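K.L.:
Below: one structure in structure tokens.
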Amino acid sequence: MTVQTFIPNGAKAASENTVTQPTHTTDVSIKKLYIETQGCQMNEYDSHRMADLLGDSHGYVLTNNPNEADILLMNTCSIREKAQEKVFSELGRWRKLKEQNPDLVIGVGGCVASQEGDNIQKRAPYVDMIFGPQTLHRLPQMLDQHHAQVEKPKKEKIKLVDISFPDIEKFDFLPEPRVEGFKAFVSIMEGCSKYCSFCVVPYTRGEEVSRPLDDVLAEIAGLAEKGVREISLLGQNVNGYRGETFEGGICTFPELLRLVAEIPGIGRLRYTTSHPLEFSDELIQCYEDLPQMVSHLHLPVQSGSNDVLKAMKRNHTIDVYIDKIAKLRKIRPDMHLSSDFIIGFPGETDENFAETLQFIKDLGFDHSYSFVYSKRPGTPASDLPDTTPEHVKKERLAQVQQVIKQSSIEKTDAMLGKIERVLIEKVSDQDPNILVGTADNTRLVTFVGDASRVGRFAEIEITEIKTLNLVYGELLNLEPDVA
């Protein structure tokens, strides 16, 4: 089996780019869809697919104004504390819109819907449809069912709730993804089987299920044909990917990366989110063998204390994490590293926190998603005694964020005079002679250039540091089109 099996015929060059921008309209005759997305990149991806789905099936176009929408969808996240109350608070505002327009359709999806489906019906009976992350592909059918029973007496109406966990069938029913720009996200697996003591994901998205290899490669090849040059592979535990091959075998995540790198047009590869347990030597080797792999890694660790990691049921030690990063930086010395940190986990002592702070300083993280611990109902950690005062947790969090911010500033400053590989994404909104792109490390890079170069990779020498995430540069070399 080779990757050519999955490449569509007639792949287009970047100059024949067929990028489609999202449609927004003020035409009152067109049916309009508003989606509020909360939480992670998986939810962002799912929301895009909902828009694709309802656009293809029922002709809905996106609007950024909920007041003019015919359908309001909320794609919810349950990671943080009070997530449920945030949902009901927003639904209260939507209720007023429905009182003004009884034909308005309201749907709630995502992880809070999985957890709180029955409760949503009780507390917000004006919600018409409730669906989970694994059943969003059934939205067109649910919408048809809703319209079919609008005139029925209340007691005859069927409750439109589908928060089941079917096999990973939703991708079989989703339309071809629309392309917006030169980057795209591709979901390769759903759920997580790690059962960390603090996490709700296994309960809201189910256990790990991988998409078949041929489906993933075909989707990416199709995106490349439409001009996409950077792919971000998505999953709750993306490096745990075990996709079935056409021949009936199993493809691992490192093997998938090698196959994706063969697809004409794909010049850059990212992925999120990964787990240290499955950050294997085979995966690290990909960074040496595949130039498409960016020198940026998001690898959640959650804490720098072995005691806390044990209580979290992360099943690895700090030394294991440090060893993996050392191997990676031996191959890529310029590797930028980001992570997740939970501060104030039950039982975290002053000594535990000091270990975490020193760990962060030693590894030089570039960015983090760091939060004070939130008790999530139904998780093992919710039963642990939590004696740390809230103000202490917040003080610790502020220290972590300050250390990481300083590290990020230093890493941005270190870019001065260096040559960065940049994907040129657009012409500046402020100046038609300025181009805007993204470096491997996610910094925005601006420089003087012609609009015809948009969609290409270029070598840019960094000449000025403007802000933490914005640098100026000078074009040195324009790479040949990768298609």
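Residue 1 is the first one shown; counting continues down the chain.
Every residue, even glycine, has its Cβ placed from backbone N, Cα and C.
So Swiss-Prot says this about it:
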DOMAIN    31-148  domain 'MTTase N-terminal'
BINDING   CYS40, CYS77, CYS111  [4Fe-4S] cluster 1 binding site
DOMAIN    178-410  domain 'Radical SAM core'
BINDING   CYS192, CYS196, CYS199  [4Fe-4S] cluster 2 binding site
DOMAIN    413-477  domain 'TRAM'
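Have a look at these and tell me how they're positioned relative to everything else.
P.N.:
Following the DSSP three-state reduction, the secondary structure of CYS111 ([4Fe-4S] cluster 1 binding site) is helix. Within 10 Å of the C-beta of CYS111 ([4Fe-4S] cluster 1 binding site) there are 26 other C-beta atoms, taking all protein chains into account.
According to DSSP, CYS192 ([4Fe-4S] cluster 2 binding site) is assigned to coil rather than to any helix or strand. If you take the C-beta of CYS192 ([4Fe-4S] cluster 2 binding site) and look for same-chain residues 6 or more apart in sequence within under 8 angstroms, you find CYS199, VAL201, PRO202, ARG205, GLU207, GLU208, GLN236, ASN237, GLY240.
Across the domain 'TRAM' (413-477), DSSP helix (H, G, I), strand (E, B) and coil residues number 4 helix, 39 strand, 22 coil.
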K.L.:
May I have the DSSP-based helix, strand and coil counts for the residues of the domain 'MTTase N-terminal' (31-148)?
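P.N.:
So the domain 'MTTase N-terminal' (31-148) is made up of 65 helix, 23 strand, 30 coil.
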K.L.:
What's the CA-CA gap between CYS40 ([4Fe-4S] cluster 1 binding site) and CYS196 ([4Fe-4S] cluster 2 binding site) in angstrom, rounded?
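P.N.:
CYS196 ([4Fe-4S] cluster 2 binding site) has its Cα 18 Å from the Cα of CYS40 ([4Fe-4S] cluster 1 binding site).
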K.L.:
Whose Cβ lies within 8 Å of the mean position of the Cβ atoms of CYS40, CYS77, CYS111, the [4Fe-4S] cluster 1 site, other than those residues?
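P.N.:
For the [4Fe-4S] cluster 1 site the neighbour list reads GLN38, GLY39, MET42, ASN43, THR76, SER78, ILE79, GLY110, THR204.
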K.L.:
Quick check for the class: what is the C-alpha distance, in angstrom and rounded, between CYS77 ([4Fe-4S] cluster 1 binding site) and CYS196 ([4Fe-4S] cluster 2 binding site)?
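P.N.:
About 17 Å separates the two Cα atoms.
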